[in-house]
Amino acid sequence: MRRVTVFGATGSIGRNTLDLIARAPQEYEVVALTGGRNVAQLAKDAKALRAKVAVTAEESLLPELRARLAGSGVEAAAGRSALLEAADRDADWVMSAIVGAAGLEPGLRALSRGATLALANKESMVCAGRLMLRTARQGGGRLLPVDSEHSAVFQALIGEDMAAVERVIITASGGAFRDWPLEKLASATPAQAATHPNWDMGQRITIDSASMFNKALELIETKEFFGLDPARIETVVHPESMIHALVGFNDGALMAHVGPPDMRHAIGFALHYPERRALPVERLDLVKLGSLSFRPACEDRWPALRLAREVMSAGGLSGAQFNAAKEVALDAFIDGRIRFTRMAEVVDEVLTRLSSNAGHIDDEFDLDMVVKADHLARVTAGEIIAGRT
Ligand code: NDP
Ligand code: MG
């Protein structure tokens, strides 16, 4: 029996993870499931999978969670410290699928006690890639990518020598507005941005796909995860979302990872690694598919990509600043306080204002420094959005 914990169990990645676990319940002992506001779903899954504990991040929802779990034998807990305690429990495999920087600390806690951390929460690598890798090394934990592009790169690199890698190409669907005229982008609404042409994902990452902030985060994640020189990391728009990433080697070969847009592949790969097991994902019919297409990822349409380049070359704490500013700008867009195109302007301005606080690329940093950088960037983004200087 493998002991597993799922952070963000009520979200899109979390539900897909539980779907795979529920197909072979005899193989897994579910230690902890965590969620946020959706305690009804959390309680239902925790009971069905006989979890030891269900944790909601929202303290105020503890009575409701308790009531829903009454008599089930599943323990109920709430709040930030309960989330961290859940990470300390003895699961060997932990899914990190909370959205945003809130996912960083639970992941670090699991890594520090030697767990395998399946990492969907890309923000952890963007904010604190070095700290994540260092914590895994010191604690004996292992990091496995779950972001589809990074899982694809990881798989293409198995058995390869990193010295032979010339480049990594991360594909992008282009999101909801890839075919919109540029001048229309400023009037895009949150509802329009929250529809994805190919993937079914949480609201925040779907809007980040439309702005390409998601791809920007993924470029930084690629640099951090695989230790690549940013000059070797490319992106291309691939509207069909069938090729998730490609690795180019020094002999001219390009290894592409091709599959339907279903996160259960990358989740399942991380769940069963180092084995490959049958997964319930569609098998592609290439003839039916007919053709695959590619377009340049233009920085005037998607300024987030330019900002990602700046962050990759600045290093240090600029990733934490970038992510925090993006989270605040995204909240403001969702609430109707700023336009779609203002998000990138806000993040750009935060990075410019705080560049002297970002540290140097080679600086080591700890969690406390990441938390402070994140906080300062949130405050600064809030001031810029509110028009205060
Ligand atoms: P969702 O919004 O669908 O789910 C997020 C999960 O995190 C929910 O369980 C939510 O609880 C919980 N949560 C939200 N805020 C907090 C908080 N402050 N503290 C603790 N828990 C919280 O997101 P996704 O599943 O789409 O994405 C999760 C992560 O995976 C993100 O980092 C995303 O970038 C990454 N990812 C997602 C992909 C996808 O296909 N969805 C693909 C690749 C990466 P509740 O809903 O109960 O409030
Ligand atoms: Mg991805």
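Every residue, even glycine, has its Cβ placed from backbone N, Cα and C.
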Residue among Ser81, Ser96, Ser173 sharing the 1-deoxy-D-xylulose 5-phosphate site, where TrEMBL lists Lys122, Ser148, Glu149, His196, Ser209, Asn214, Lys215, Glu218 as binders: Ser173
Identity of the NADPH-site residue among Gly202, Gly227, Gly248, Gly252 (reference: Thr10, Gly11, Ser12, Ile13, Gly36, Arg37, Asn38, Asn121, Glu123, source: TrEMBL): Gly202
Max CA-CA distance, Å, over listed NADPH-binding residues Thr10, Gly11, Ser12, Ile13, Gly36, Arg37, Asn38, Asn121, Glu123, Gly202: 22
Sequence-ordered binding-site residues from Thr10, Gly36, Asn38, Asp147, Glu149, His196 with Cβ under 6 Å of an atom of ligand 2: Asp147, Glu149
Nearest of the binding-site residues (Thr10, Ser12, Gly36, His196, Glu218) to Asp147 (Mn(2+) binding site), judged by Cα-Cα distance: Glu218
Annotated binding-site residues Gly36, Asp147, Glu149, His196, Asn214, Glu218, filtered by Cβ under 6 Å to ligand 1: Gly36, Asp147
